[in-house]
Each structure stands twice: as C-alpha cells, then as structure tokens.
Amino acid sequence: MIDIKLLRENPDFVKERLKTRDESYLKLIDRLLEIDEERRKIIKEIESLRAERNEKSKLFPILKKEGKDTTEIQQRVKQIGEIIKNLEDKLQEIENEFNNILYYIPNLPAPDVPIGKDENDNVEIRRWGKPRKFDFEPLSHYEIGERLGILDFERGAKLSGSRFTVMFKEAARLERALINFMLDVHTKQHGYTEVWTPALVKPEILFGTGQLPKFKDDLYKIEDEDLYLIPTAEVTLTNLHADEILNEEDLPKYYTAYTPCFRKEAGSHGKDVKGILRQHQFDKVELVKIVKPEDSYNELEKLVNEAEKILQLLEIPYRVVLLCTGDMGFSAAKTYDIEVWIPSQNRYREISSCSNTEDFQARRAKIRYKDKDGKNHYVHTLNGSGLAVGRTLIAIMENYQKPDGTFEIPKVLKDYL
C-alpha cells in the first residue's frame, strides 16, 4: 500500500512514478486525492460537533441545578447527534471508495527500474553458462517424460482436469530431491530459517501481500469457508509477522519454505498448454527477507545471488533480467527475473522472480520494528523463488538429455537420490 502521507505531500512524485507503469493510474490518484480531502473535512467537522456536544452536555446538569430551562440545549445535543450520525454514514461511504481505489494502486517503481510497457522492454543484466550444443535434435521435457513413462498428462487430466500432471518414478523422486537440495542450500549456506506453513490462509493474509483484492480471480477459494489456497509461500512467510512490532536487533529475518502453490492462471489461456511449465498446482521453494529499509536493496542483490546459486550448482545456463516498470508485479518496487535455458524452445524462461517490495506489503500487513530510540518504522520485505521446482525439473530433463531419450542426473543431486 502506498504511503498516504507521501501522496498528500508530494502527489506529483507519486503520479510521475505510477505513470511509468500505466497512465491509467493518474486518474485514480486524482480521485483519491479528492476523496481524501473530502474525508478529512468530514472528520474535522465530526470532531468539531463532538466537542460542541461535550461542552453542551457539561452545561446541562449545571443549568438544571440552577433551575434554568434546558430545552434548547437538549434539542441542540439531539440535533448534533443526528448530524454526526449522517456524517459518519457519509464518511463510511467515502472511506469505502477511498479504500477501493487505494487497494488497487500498485507500488511505486524504484528510480533505477527501466521504463517500459512489457517484457520486450526488460533489460538483461548478465548470463551464466553457455547453452549446450546438441549433436541431435533435443526433445521437449514432455516428450522425454512421456517416452520414459514418468510424466502422465492424461491421468493428470483424468484426476483433476487440464494443467495437472501425475509424476512417476524418476520424475517424482527428482522433484522430491530438488526440494530437499534447495532447502539444504538456503539453510546451510545462506542462513535461512526453514519454515513449514499452512497452504490455506485467511483473506486478510492475502491482502497483506497484495494478492487481494486485485487478483481474486487467480486464487482458489474454499467453498463455504473464508479460506484460500496459497499461490506462493511468499504469502505465509511474509505474514508470519503481520500486526507485529519487531525489535531492531532481531532484523534481518530470512525465511525459506517448500509449499505446493495453487493458481488458476487466469489470462493464460493457450499459453504453455503442453508439459509442466504452467500448472494449476506446482511446487516451489520460496525465500522471504524482512529487513530494515536502509538494507533492502543490498539484500535484493544477495537474494538474486542466492537463487542463482541453485542453478550454478546444477550447472544449468541462465540469465538475469531486470524487469521494466510495465512488467513488474503489483507489490514490487524492483524485480529481477532469473530465466533458465530451455533447449527445446531455444530460449530462456522464467524460473525465479526476486523482488523488493520496500514497505508496500509491510503497510498492508502492519509489520513494523522499534528502533533504539523507541520509534516504530515499517520494515521492508523481499521475496523470491529459490526455485520453482517443476521448472527446475524441466531444465534438468532438457539440458541433461541424451540421444537415447533418457537424461542424466546433475552430480550435485546424486546424494539426494
């Protein structure tokens, strides 16, 4: 959630930054400022009327004791009560409109984020490794998986519908091995605390990280219950400290968790229909950092390096891309994508997205810390995939494939199988 104080004091700055995402936000900001002004006037009027009512209520017993007529005061007190009630009803309507706009406004892009409309305007930062040159026509992961009988898309569809898969034998074991490998690297080498969290959360938890209300259509809701399946462990890990005030000496906090993730993939019709690249249910190891504001951008660079480490150990080529303003997620101030090389597509595909949300999520989730002087400040939160497990499986199957249609296991994983 953007800082209302910043919006009031420097609306041009807010509009300038949001314009780099989409010009349509400018009208929303103008309307938000209008409502805010109206809201503050009503609040001031209510406070003034309450003060008057309190003064007249104090006079009432004095006049009564003196035997004076109190009819006029009684009528005025009653009138004030009715006026306040009407103003409070009006204020509630205005508050609802204010929040309905505020909750849909994304984070302000950081100044060094490239300005652009979509993924075509993203900026490549670096590459690691060289794509393998095959002396045969490389197969796709789903061709390899079907031929080996380890990926079964028909049975996945029979059980659950489209974009679901059943894994057998080597695929199932490799999925499990990758999860354990990723968690071990992040906990033993990068200092993260491993966490196990629920996969079902309350709506206010999804509000805290920015999925609700804007992305309601991409979430799975439990019928007749006010619970949602998580689209990422970012939701649960970040909200571990919702409505809390942390001590400065307890920061930074690094959390990692493996969870299944659930997404309707609204708007993805026709994209990546074959294979396991885009599923309604998928496994992911998530990384979340809760840090002091002055540390957050250094922590973002570290976060990207920590996610990269997994691919380096697996010896799979990838590149790091800085997302432009038009391609960034709703809550992000700055995002790097890590894209892994997929031989069958002859291109890089996203396997991790690492973001600094600054205090955007912290404001929504009310996560603060107390400094040495006793003052409270919002933390900065960061999140990233470390990594998407299914996409890592794809990358291994394709980059390590052999002419006979099988594939090798990366050296670093052999102790996990």
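In case you wondered, yes, glycine gets a Cβ from its N, Cα and C as well.
According to Swiss-Prot, the protein carries these features:
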BINDING   THR232, ALA233, GLU234, GLU286, SER385  L-serine binding site
BINDING   ARG263, LYS264, GLU265, GLU350, ILE351, SER352, SER353  ATP binding site
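Of THR232, ALA233, GLU286, all annotated as binding-site residues, the residue with the shortest Cα distance to SER352 (ATP binding site) is GLU286.
Distance from the CA of SER353 (ATP binding site) to the CA of THR232 (L-serine binding site) is 12 Å. Most buried of the binding-site residues THR232, SER352, SER353, SER385, judged by other Cβ atoms within 10 Å, is SER352. Largest Cα-to-Cα span within the L-serine-binding set THR232, ALA233, GLU234, GLU286, SER385: 9 Å. For the L-serine site, the Cβ centre of THR232, ALA233, GLU234, GLU286, SER385 serves as reference, and the other residues of the chain with Cβ at most 8 Å from it are VAL235, LEU237, ALA257, THR259, CYS261, LYS284, VAL285, LEU287, VAL288, ASN383, GLY384. Between GLU350 (ATP binding site) and SER385 (L-serine binding site), the C-alpha separation comes to 10 Å. Of all the Cβ atoms in the protein chains shown, 29 others lie within 10 Å of the Cβ of GLU286 (L-serine binding site).
When each of the binding-site residues GLU234, GLU265 is scored by how many other Cβ atoms sit within 10 Å of its Cβ, GLU265 comes out lowest. Mapped onto three states, the DSSP output places GLU286 (L-serine binding site) in strand. Cα of GLU265 (ATP binding site) to Cα of SER385 (L-serine binding site): a span of 18 Å. Residue pair ALA233 (L-serine binding site) / ARG263 (ATP binding site) shows a Cα separation of 12 Å. A distance of 19 Å separates the Cα atom of LYS264 (ATP binding site) from that of SER385 (L-serine binding site).
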